Amino acid sequence: MIFKFFFLVAYFAFSAEASILSPPYPQTSTDQSNVLRYLNGGPFVENTGFGLPLDPPYGCKIEQVQLFMRHGERYPTKSAGKTFETLYQKLKNDTVTSYSGPLAFVKDLEYFVNDPENYEMESTKGVYSGLLEAYRLGAFFRERYESLLDSSSVVPIFAASQQRVVDTARSFGKGLFLDQYNSSCSIQIINEVGKMNGANTLTPITNCLSYNTSLYQHTFGENIYQAEAERLNALSPGFNITPDDIFTMGAYCGYELNVKGKSDMCQALSMDAFQALQYQDDLQKFYQFGPGHNMSAVSGGLLANASAQLLQEDRKVVFSFMHDNDLLTYFTALGLPTDTELSTEEIEFHRSFKTSEFIPQGARLIIEKLNCSDSENVRFIVNDKVYPLPGCSSGPGFTCPLEETIELLTPEHEYAEACGLPDDRPHELTFYWDWEPTFTDN
Ligand SMILES: *[C@@H]1O[C@H](CO)[C@@H](O)[C@H](O)[C@H]1NC(C)=O
Ligand SMILES: *[C@@H]1O[C@H](CO)[C@@H](O)[C@H](O)[C@H]1NC(C)=O
Ligand SMILES: *[C@@H]1O[C@H](CO)[C@@H](O)[C@H](O)[C@H]1NC(C)=O
Ligand SMILES: *[C@@H]1O[C@H](CO)[C@@H](O)[C@H](O)[C@H]1NC(C)=O
Ligand SMILES: *[C@@H]1O[C@H](CO)[C@@H](O)[C@H](O)[C@H]1NC(C)=O
Ligand SMILES: *[C@@H]1O[C@H](CO)[C@@H](O)[C@H](O)[C@H]1NC(C)=O
């Protein structure tokens, strides 16, 4: 009590200045204890970054911005939902009579998807609402890039055709254009069903016939989940938690956060379990859609090549909405994750590749072309943090000179050929150039 009182007085008396009780620069590092860093499918979290400020480097002016964004936070898919409901039923089973320990919250637990229609869709409530996330980013773009928006022409917003992606694009457009939404921007839906769009796509993995996503066949973490299950069964007897349940609980935590903004499930699991859950996801993403799969850079190269073309044009803004795995192949094409392999035996704590750093819900890559008085340069912003390209940071503010960027973005392999596209499907990505300003999909 006395301590608390002293602390309050100290806070009010000295908060404006540095003191022994409030150092001007924090001496604690807590970022990696944020549970959002350990979730696959959980809410957006910024990239850790390198401390570089978002302000354009001194003497530089933004001339063009490209956005590639995953849809915002969403409800689970139907199949994940089925697993969550099964776990929920199991936890709520009457055989448990006294609720104690980490799972005591189960007594009052209610399943977080109350309408099956919501499965697969953006979340609309809570602090981590997916639509709010997209709207907020739209507002951020209005603040940051207003000078690039020309009110006399219609801005296209490209979106892969799945409902949640389109809804995200619309919410972004509303945050950006407010009451001018229906006259200032045009939602352009790029079909992602049936692979017939070939190379003219925002879903390059799906359309690539030679991209075998089932090559990945590792398992990870069994002994860690076993130990976690034993811990929970000892502290909260009666639930008969299995190692598989631990995996489901981790995912439950992420999706309940997306939907409700909070989740007791997140508190029940230990950091050991989260480390294993994170690494299991990282391994899978790495070998299925990241640097560990030889078709990843081919897939992402399709979009990187389009970016390179766009950087050489005068247009000011380019907005594209898509899915996590396709965005990850773009990151791979850029060479941002620098690991070449990951151990499937033990957690590689020293890796650069983490799913939550690159593709949380609402993940985004922003590419800015900068005019810096005597040179043009390009800056990459990954999940709101400036992210210099490995091997190219000689420009002002560690940007990459435009010519070098274009070289780096130009892929080694032709997508249509490497993906084995038949003649009846488009072999070129053209939608950025041949769209029509209609408002029917807004
Ligand atoms: C509930 O517990 C009983 C007895 O242990 C078991 O037979 C039954 O399968 C459980 N139900 C669920 C939904 O887990
Ligand atoms: C924009 O137009 C669509 C279709 O014409 C309409 O359904 C929607 O309500 C309009 N939205 C806004 C924000 O004006
Ligand atoms: C993809 O890889 C798996 C695992 O190696 C293999 O069983 C399957 O036949 C492959 N599919 C195709 C279409 O090549
Ligand atoms: C990827 O690997 C497969 C076999 O594992 C090979 O057939 C294919 O040519 C490779 N693709 C590229 C682009 O290296
Ligand atoms: C950069 O900006 C300056 C000043 O506005 C302008 O004169 C110059 O043409 C621009 N450079 C390029 C390459 O666009
Ligand atoms: C990059 O795009 C251009 C223009 O669409 C195209 O001509 C070229 O073949 C593409 N390069 C690769 C490697 O796909």
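Glycine is no exception: its Cβ is also placed from the backbone N, Cα and C atoms.
The active site, nucleophile annotation in TrEMBL covers His71. Residues within less than 8 Å, Cβ to Cβ, of His71 (active site, nucleophile) and separated from it by at least 6 positions along the same chain comprise Glu122, Gly130, Ala134, Gln162, Arg164, Val165, Asp167, Thr168, Phe321, Met322, His323, Gln361, Gly362.
If you take the C-beta of Asp324 (active site, proton donor) and look for same-chain residues 6 or more apart in sequence within under 8 angstroms, you find Arg70, Ile359, Gln361, Ala363. DSSP assigns Asp324 (active site, proton donor) to a helix in the three-state reduction. The feature active site, proton donor is assigned by TrEMBL to Asp324.
The disulfide bond feature in TrEMBL is assigned to Cys60-Cys372 (among others). In sequence order, Pro57, Gly59, Cys60, Lys61, Gly395, Pro396, Thr399 are the residues of the chain that are 6 or more apart from Cys372 (disulfide bond) and have a CB within less than 8 Å of its CB. Mapped onto three states, the DSSP output places Cys372 (disulfide bond) in strand.
Cβ environment of Cys253 (disulfide bond): Val35, Leu39, Gly42, Ser263, Met265, Cys266, Leu269 lie under 8 Å away, each six or more residues apart in the same chain. What TrEMBL lists as disulfide bond is Cys253-Cys266 (among others).
If you take the C-beta of Cys392 (disulfide bond) and look for same-chain residues 6 or more apart in sequence within under 8 angstroms, you find Cys400, Pro401, Glu404, Thr405, Leu408. If you look up TrEMBL, you'll see Cys392-Cys400 (among others) marked as disulfide bond.
As annotated by TrEMBL, signal peptide applies to 1-18.
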Assigned conformation of Cys253 (disulfide bond) - DSSP reduced to three states: helix
Cys266 (disulfide bond) CB neighbourhood, other CB atoms within 10 A: 20
